[in-house]
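Trainee: What TrEMBL records for this protein is below:
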type	residues	note
DOMAIN	2-390	domain 'Major facilitator superfamily (MFS) profile'
TRANSMEM	42-65	transmembrane segment
TRANSMEM	77-100	transmembrane segment
TRANSMEM	106-127	transmembrane segment
TRANSMEM	134-157	transmembrane segment
TRANSMEM	163-183	transmembrane segment
TRANSMEM	203-225	transmembrane segment
TRANSMEM	245-265	transmembrane segment
TRANSMEM	272-292	transmembrane segment
TRANSMEM	304-327	transmembrane segment
TRANSMEM	339-362	transmembrane segment
TRANSMEM	368-386	transmembrane segment
Amino acid sequence: MNIVMLSLIYILGGICRGAVLYNISTVIIEMYQKMAQVPYDHVPDLVSIISVSATIGSIISSIVSTQMVRKFGARTILIFTTAISLISCCLVLPSIHWIYLFVFKFISGFSSCFTISLIPMVCAQYISVAQRPIVGSLYSVSLVLSMVVCNVIQFFISSEKQLYWVIQVLSIVSSAFLLILSLRTPKEKHEVLKSENVYSKKYTKCFLVAFIIGISIAGTGYNPILQFSTLIFKNSFNSPKSGTIGAIITSSINLISAMISIPVVRRFKRKVLLIVGSILMLLSYTVTILALKLVEDSKLQNNIVLGATISFIFFYSCSSGSLFFVLIGEVFPKQLKMFFMNFVMVIHFVGTMVTTFIFPIIDEFINYILYIGFCSINLILIVKFLPETKGKSFDEIEREMITESRKVVQKEDVEKGESVETTRDIVVSAETEQGTEIK
């Protein structure tokens, strides 16, 4: 597989996943409800419910995918789930009932999550050390690009309720092209260790790092902020389309920062980027909280929250967002990569489901306090436990991640050192004897 094909697979995977997640907003659900036979009065709650359905599908996908890949192979499952994603996206087109939408969003979430889990599994072996950060970042850029496109589409169609179906076209087109490319990937049987071996003590660090990566995405509040951006910025501009304008601005900033992150990820160490990004995200949330509590003028408050949200998205995209797929594609042992990637996804999706579900229910101030708490905990874990992977081969990273491998390397180093000392003693002894004979 050449670099162009690999890049296209990552890009289409990101667009497909992004379109499935971000073509649901308060504006789109209002349009759907006007067309559906049985409306639901409280739109923010319905947005939360539909988003959670896709997340539940993603969680189930992450749990069962390792077993399915072991049985059928990664390439076969990639083709199958991409086809399911295409079909489910087509079936979401008609506005029938919110329960109907819930069911097919669940299927879309299930299949698209399978796809993004399998792409690094199928493609990682063909990517060089130098190409890893570039190709991994392409996924993040394409995910954000799909978000921008969805927001622009909803801006133009929001006044025409019968055009609800247009927002679904992006996910259909990207799924179709991804299916074509999946059929062209080489057939490769991936070796996966028996599941009981995974829970041995030597993989403790792998589980801890998987938790850190998962919570670095889910706990920051990134997903609910983008999901409800049309609601957050509903009163930020003097326009009936204020919410969609705010969504376009935030997603565009997200796209720009994701593109900036590509050379940044290549140049700087992964751990340094995550630490700096986490600190700056904490500062953005602190400004938001201070604005909500101390600023009484509503217009000024909205402007400060908008600015702080934009800065948060920028810092997130240049750190956690851009490094997510880079890290999960390189930090875990080769034979157990699929298992730990899915463990990361479960942590990520459970956290996302909780934060998305509670966002419209609890007070906005409390939401941001929770995000600060998660960001703080995650920062401590990154500093203490996350290994640096930049410039290292998969074998080097694996030796660092697995406890027994580190002990073996240390033992070999000790034995090597003892061997050198013994050799040096023999040489010195021989030279001494030789000197005695000359005398």
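Including glycine, each Cβ sits where the backbone N, Cα and C put it.
Automatic prediction, not curation, is the source of TrEMBL annotations.
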Trainee: Counting only CB pairs under 8 A, let me know which of 42-65, 77-100, 163-183, 203-225 has the most with the transmembrane segment (134-157).
Mentor: 163-183
Trainee: Using a Cβ distance cut-off of under 8 Å, indicate which of 42-65, 77-100, 203-225, 272-292, 339-362 has the most pairs with the transmembrane segment (106-127).
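Mentor: Looking at each of 42-65, 77-100, 203-225, 272-292, 339-362 in turn, the most contacts to the transmembrane segment (106-127) are made by 42-65.
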Trainee: Is it the case that the transmembrane segment (245-265) and the transmembrane segment (304-327) touch, counting contact as three or more CB pairs under 8 Å in which the residues of each pair are 6 or more positions apart?
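Mentor: Since 3 or more Cβ pairs under 8 Å link them, the transmembrane segment (245-265) and the transmembrane segment (304-327) do come into contact.
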